[in-house]
Each structure stands twice: as structure tokens, then as C-alpha cells.
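K.L.:
Dumping what Swiss-Prot says about this protein:
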SIGNAL    1-19  signal peptide
DISULFID  Cys54-Cys146  disulfide bond
BINDING   Tyr55, Gly57, Gly59, Asp76  Ca(2+) binding site
DISULFID  Cys56-Cys72  disulfide bond
DISULFID  Cys71-Cys127  disulfide bond
ACT_SITE  His75  active site
DISULFID  Cys78-Cys120  disulfide bond
DISULFID  Cys88-Cys113  disulfide bond
DISULFID  Cys106-Cys118  disulfide bond
ACT_SITE  Asp121  active site
Amino acid sequence: MYPAHLLILSAVCVSLLGAANIPPHPLNLINFMNMIRYTIPCEKTWGEYTNYGCYCGAGGSGTPIDALDRCCYVHDNCYGDAEKIHKCSPKTQSYSYKLTRRTIICYGAAGTCARIVCDCDRTAALCFGDSEYIEGHKRIDTKRYCQ
């Protein structure tokens, strides 16, 4: 390919990205996924923590069925408070953090949306790492057990 073609192709790609309004930082959910991977046992994947219990995954209702499900319940409420009280957008808020010595450090000024959301994710990820994963609580019948 000729250098001029590469230049035109690059310009088209840059303008398409700008038109699509794609944020320059990864979405918060990617950060949360990485935190979870860091704290859970090696034999588990972060995906096994979706559709677990009554609250791990989209939505949630009823009483959490175990300690791990309570982690998700608390996380959902933390995101809810971030939205209602602080006017943040937790699922898309980018933030800075560091994974070190089996813990997670959130950066940024206290009270900012970035720090609030990071603290929500940090608390949940550490809770996941400290909670037992019960295979029978994956993909439960939420209509039956989560009312």
C-alpha cells in the first residue's frame, strides 16, 4: 500500500471514531471486570459472576441468597447512590486505579464521580474475592427465589 493511501485511510478512521462519539477511555465495566479477575480464585472467570444469585448481573430483586450475592446487592446500591446523589454515570465513568499486593487502590479526589465509582467497584471486587462461590446459585430461577 502506498503512503498516501495509508494517510487517507488513517484520516477516515479518525473521523469515523470522532463521529461515533467513542469515549477515549475504556468503559468502567472493563475496569470492574479487571478488578474482579484480580481478586477471584484462578479457576473462576469473571463471567461466572454474572447471572449469579438474585443481584449479580442485570437488575436484581428480593433478598440476596448468600454472601457473594450480597456483594452484588451492595454494588448495585452503590451505583444507585452514585447516580441519584452524585449525578454520576457509573457504567461509563472512567477512573484510575492500581492492582497491587492483593488489594486495589483507587486514585482521584474524594467526592468526584471517578473516585466514587472506583470505590464501588473496588469494594465489590474485594468482596467477591472474600466470598464463597456456590455453583448451585448460578442461573437460579429468579422468579422463584428472588421475590
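Placement of Cβ uses the backbone N, Cα and C atoms for every residue, glycine included.
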K.L.:
What does DSSP assign Cys106 (disulfide bond), in three states?
P.N.:
strand
K.L.:
Looking at Cβ-Cβ distances, which residues of the chain lie under 8 angstroms from Cys113 (disulfide bond) while being 6 or more apart from it?
P.N.:
Ala82, His86, Lys87, Cys88, Ser89, Gln93
K.L.:
Reduced to three states, what secondary structure does DSSP give Gly59 (Ca(2+) binding site)?
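P.N.:
For Gly59 (Ca(2+) binding site) - judged by DSSP and reduced to three states - the answer is coil.
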K.L.:
Rounded to a whole angstrom, what is the C-alpha distance between Asp76 (Ca(2+) binding site) and Cys127 (disulfide bond)?
P.N.:
13
K.L.:
Which ones, of the recorded positions Cys71, His75, Cys78, Asp121, Cys146, have a Cα no more than 10 Å from the Cα of Cys56 (disulfide bond)?
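P.N.:
So far as Cα distances go, the recorded positions lying within 10 Å of Cys56 (disulfide bond) are Cys71, His75.
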K.L.:
Ten-angstrom check, please: count other Cβ atoms within 10 Å of the Cβ of Gly59 (Ca(2+) binding site), all chains counted.
P.N.:
9
K.L.:
Is any of the recorded positions Tyr55, Gly57, Gly59, His75 within 10 Å of Cys120 (disulfide bond) (Cα-Cα), and if so, which, in sequence order?
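P.N.:
Those close enough are His75.
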K.L.:
Taking just the CA atoms, what is the gap between Cys54 (disulfide bond) and Cys118 (disulfide bond) in Å?
P.N.:
23
K.L.:
Quick check for you: of the recorded positions Cys72, His75, Cys118, which have their Cα within 10 Å of the Cα of Gly57 (Ca(2+) binding site)?
P.N.:
Cys72
K.L.:
Let me know how many other Cβ atoms fall within 10 Å of the Cβ of Cys54 (disulfide bond).
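P.N.:
Summing over all protein chains shown, Cys54 (disulfide bond) has 23 other Cβ atoms within 10 Å.
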